[in-house]
């Protein structure tokens with residue numbers, strides 16, 4: 001089975017992480033190997049020591065008759081970085097972003113990449129998270145009463161979405177490596193948009209169970225697939241910021257969802273046949289459609305296959321040169337059982353990172369199970385304006401906190417410190433809420449402490465995978 005080994009094990013690890021989080025198994029996720037450039041590469045160089053990183057992509061593109069790059073165009077001199085300037089403007093720009101001190105060719109390339117790829121990734125993840133979480137918002141805003149839900153009905157909705165996510169994730173990634181990436185992500189977004197719209201018209205809870213399962217299947221490919229693409233294009237020093245922005249776009253969905261539902265509740269829908277929570281499904285669908293079309297035109301594929309309109313031939317050379325400078329092996333090799341066994345034997349962290357992410361994501365049930373909103377609605381008897389708007393405050397603060405941590409982590413590579421702090425805050429919050437009979441202020445503190453600090457888990461863990469692999 002041929003593979004591209006350039007950045008392979010991070011994509012394998014990321015898929016294992018996400019799959020194990022839901023399926024609780026590293027074995028199946030670990031056996032999945034991708035066929036394109038992913039995000040970390042060095043251990044695979046050890047697997048194929050005779051491969052020439054200067055030869056693989058050129059030869060492949062030439063032998064396949066590709067019009068992307070000619071044989072003698074595989075590398076390009078990026079030029080010298082500009083000298084640092086002792087001005088406040090330069091210092092502020094350098095602090096806020098990481099392109100100002102790059103060579104001119106690379107800086108222009110990164111501006112295009114951030115403008116199109118990163119924006120598309122963030123918009124798509126925003127819509128995905130909005131669609132994923134709308135069921136919880138609907139539950140506390142009339143859906144429970146509409147369907148006469150009782151007992152474990154809500155838990156079944158969540159569980160069936162998770163089952164779909166487990167089943168669909170690995171096949172989805174295999175499909176991604178055999179089709180055009182922009183087309184595939186566009187189809188995923190359009191499909192889950194239509195399935196979300198179907199949630200408006202079902203009249204019984206069993207039909208809703210089926211739709212939530214199918215939505216889980218279609219959403220399963222987005223996050224690992226997009227993490228894979230980000231890893232294809234960005235170096236380890238660039239990934240933490242971008243991964244954090246990608247993650248924050250999901251938090252932004254939490255920031256928008258509650259106020260949007262509250263606005264819907266305050267409007268007069270007496271002249272329509274839909275109840276307020278169903279309008280939330282409609283809005284999510286209609287927001288997804290333009291994002292899907294944007295995705296179709298903006299996702300660039302991988303550095304060796306991109307044909308996107310905003311990259312000229314020079315940009316494609318810059319993208320390949322950046323991969324070469326990062327140590328990426330671009331050779332295409334045959335995978336053998338001895339090489340596969342060596343990979344799983346020598347790279348212990350493909351087992352550790354899934355466990356780490358499993359602990360992180362499962363602890364997230366403290367907020368994703370809507371316990372905060374239900375506590376305000378049932379225990380405190382607060383109005384909908386409270387339980388729809390207060391979670392948005394946590395989302396806003398978590399975005400700010402995550403961006404600060406991303407900058408500090410890029411500066412000091414403090415992954416272990418930040419994750420230890422996050423887990424400590426999670427333990428404190430969990431203990432307070434498990435005791436439950438505590439002063440009211442401690443309840444508020446526990447939810448806010450957990451919600452804010454937990455926001456750094458996803459970007460820090462995934463950037464650590466990239467950083468660790470590049471150092472091996």
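Each Cβ is built from the backbone N, Cα and C atoms, and glycine gets one as well.
According to TrEMBL, the transmembrane segment annotation covers 183-203 (among others).
Note on the transmembrane segment (245-265): residues 118, 121-123, 125-130, 133-134, 137-138, 141, 226-227, 230, 276-277, 279-280, 283, 384-385, 387-392, 394-396, 398-399, 402-403, 455, 458-459 of its chain, located 6 or more positions outside it, place their CB under 8 angstroms from a CB of the stretch. As annotated by TrEMBL, transmembrane segment applies to 245-265 (among others).
Per TrEMBL, the feature transmembrane segment maps to 277-297 (among others). Outside the transmembrane segment (277-297) by six or more residues, the chain places 120, 123-124, 126-127, 130-131, 134, 137-138, 141-143, 146, 182-183, 185-186, 189-190, 192-194, 196-197, 199-200, 257, 260-261, 264, 269, 308-309 with a CB less than 8 A from a CB of the stretch.
For 348-367 (among others), the entry in TrEMBL reads transmembrane segment.
Long-range contacts of the transmembrane segment (387-405) within its own chain (CB-CB distance under 8 A, at least 6 residues past either end) are made by residues 137, 140-141, 244-245, 247-248, 251-252, 254-259, 261-262, 265, 367, 372-374, 376-377, 418, 447-448, 451-456, 459-460. Under the heading transmembrane segment, TrEMBL lists 387-405 (among others).
TrEMBL lists 417-438 (among others) with the feature transmembrane segment.
Feature annotation from TrEMBL assigns transmembrane segment to 444-465 (among others). With a threshold of 8 Å between CB atoms, the same-chain residues lying at least 6 positions outside the transmembrane segment (444-465) that come near it are 10, 13-14, 17, 39-40, 227, 236, 239-240, 243-244, 246-248, 251, 349, 353, 356-357, 360-361, 363-364, 366-367, 372, 375, 391, 394-395, 397-399, 401-402, 405-406, 409, 415, 418-419, 421-422, 425-426, 428-430, 432-433.
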Apart from its near flanks, which chain residues at least 6 from the ends of the transmembrane segment (183-203) lie with a Cβ under 8 angstroms of it? 124, 127-128, 131, 134, 172, 175-176, 211, 214-215, 218-219, 221-222, 225-226, 274, 278, 281-282, 284-286, 288-289, 291-293, 295-296, 299
